[in-house]
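S.K.: Per TrEMBL, the feature domain 'SAM-dependent MTase RsmB/NOP-type' maps to 150-471. Annotation comment: TrEMBL describes Cys251, Ala252, Ala253, Pro254, Gly255, Gly256, Lys257, Glu275, Asp310, Asp333 as S-adenosyl-L-methionine binding site. What TrEMBL lists as active site, nucleophile is Cys383.
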Amino acid sequence: MSLKNRNIFPQIALRPEVEEYLHNVYTNEELLADLGKDEAERVFQSLLSCLSHPPSHTCLRASTHIHSLQDIQQRLEQHLTQQVSGCHGDSIPTPILHHPLLPDVLLLPVSGPRDVGVLKSEVIVGAQCGSAVLRGAHVFAPGVLSAPKFMRAGDAVSVFSDVEGKCTRGAKEFQGKKVFLGNGVCTMDRSDIFCAEGPIRGVAVRMVDALYQSPSFDGVLPNKLFLQNLPSVVVGHVLGPRPGERILDMCAAPGGKTTHIAALMRNKGRVVALEKIKSKVGKIIQNAQLLQLDCIKAYCYNSIQAVSSDPTQQCDTDVPPFQEESFDRILLDAPCSGLGQRPNMAINWSLKEVCSYSPLQRKLFTTAVHLLKKGGVLVYSTCTVTLAENEEQVAWALKTFPCLTLEPQEPHLGSPGMLGAALSHDQRQLLQRFRPELAWGGASDEPSPEKLLLKASTDTIGFFIAKFSKR
């Protein structure tokens, strides 16, 4: 696969002021002095390109607190074989890889971009739906924006993503900017998708020949596998939870990291999960029940207000607010601008919206420091690529809270922290920034297992992790 045919999608579309802001981040004075202008510019252009494409692997977190990895892999192999036997063409089962440093992870290489011909009949889907299709999902009815006037179940169609969000729901055709995702077979008539009673649920188009081919995992082995980005799994291991500890997940929805923490504790101890949006708390509880993790207690609560002002309150209560120094470990997977998420072909946020997260993150971080016991561990993470939400937050935290010390991370699969926040070399080495732009490039047609595993650890979403201890 050459570099030329890897860039089959346009670069991520951003508002001009947001693109200029990111450009300034990736060409800051420290970086220019280290890389030179041409190389810094190349890395930035690589970032814009890779963000619109999916990561090279699908990462599945195995429920090894319930089942053996061998049993889970065997069941997964059976499922993949059944998927292939139900498909047309010369498909072969997707190989399953183990990660040498993540004992609860199974990896499936994503095949693509593939040579797929465009059909005459077109279905247009929204950008969010399109991103899901690129990661192996079928097209669900609420994601369909446009379909041919006489489309019937059983029709073969080409699926396109509306990049700029300009397609009107219910349209019969669309001439705006769109990106081809692959071909599928309709499972619904047009009249069913756009019925007068409102949008219906269920699969509207079953993808059979996707540009990026990855198995569909909708409802597959639900108590054995959890679909999760690889850096998000790394976060749980970096936190290092131990059985019997009391741990807080401050921004917990939908519960992927919460359940991972509980699983690493072997369901012994207490994991308190806070989420301020009520509708999302149910998802945390649902995932905890599905994975048989009853050490999790989830509450609808704003974590900024999680420090109690009542000195008579018991320290070991599981109900917020909490006394200071109540938790052995705290995960702050902070709300962020999400600019590291992949694939993402367009982000329509203003610069004001992108920059609005840093003050919120600092308020949450301050609460976390107060709630952490002396000798405890605090892990801060985001899924964005800015300095202001990552390395600059670390610099601020170390200056604001002298009680905090940066700690080494295990495992350390990402790159060091990025230049530009006036952190020392040693401090940046203790940080972990997943930088897919550095892995973006050509690949051999038949990479070795070693190269596949390296790719799986580097060609990920953009992500950041910092680990602190409290003296």
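Glycine is treated like the rest: Cβ placed from N, Cα and C.
A TrEMBL annotation is a machine prediction, not a hand-curated record.
Since we're looking at a predicted model, the values are computed, not measured.
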S.K.: Between Lys257 (S-adenosyl-L-methionine binding site) and Cys383 (active site, nucleophile), what C-alpha distance do you get in Å?
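M.R.: A Cα-Cα distance of 13 Å.
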S.K.: Among all protein chains shown, how many Cβ atoms are found within 10 Å of the Cβ of Cys383 (active site, nucleophile), not counting that one?
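M.R.: If we count other Cβ atoms within 10 Å of Cys383 (active site, nucleophile), we arrive at 22.
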S.K.: Work out how many Å separate Gly255 (S-adenosyl-L-methionine binding site) and Cys383 (active site, nucleophile) at their Cα atoms, rounded off.
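M.R.: With distance taken Cα to Cα, Cys383 (active site, nucleophile) is 15 Å from Gly255 (S-adenosyl-L-methionine binding site).
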S.K.: Let me check the 10 A CB neighbour count of Asp310 (S-adenosyl-L-methionine binding site). How many other CB atoms are there?
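M.R.: Its Cβ has 8 other Cβ atoms within 10 Å.
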S.K.: What are the sequence-distant neighbours of Ala253 (S-adenosyl-L-methionine binding site), meaning same chain, six or more residues apart, C-beta distance under 8 angstroms?
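M.R.: In sequence order, Glu275, Ile277, Lys280, Val281, Lys283, Ile284 meet the Cβ cut-off.
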S.K.: Going along the chain, which residues six or more apart from Cys251 (S-adenosyl-L-methionine binding site) have their CB under 8 A from its CB?
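M.R.: For Cys251 (S-adenosyl-L-methionine binding site), the qualifying residues are Leu274, Glu275, Ser303, Leu332, Asp333, Ala334, Pro335, Leu364.
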S.K.: Where Asp310 (S-adenosyl-L-methionine binding site) and the residue listed as 'active site, nucleophile' are concerned, what is their Cα separation in Å, rounded?
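M.R.: Approximately 35 Å lies between the Cα of Asp310 (S-adenosyl-L-methionine binding site) and that of the residue listed as 'active site, nucleophile'.
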S.K.: Could you pull the average pLDDT for the domain 'SAM-dependent MTase RsmB/NOP-type' (150-471)?
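M.R.: Mean pLDDT for the domain 'SAM-dependent MTase RsmB/NOP-type' (150-471): 94.
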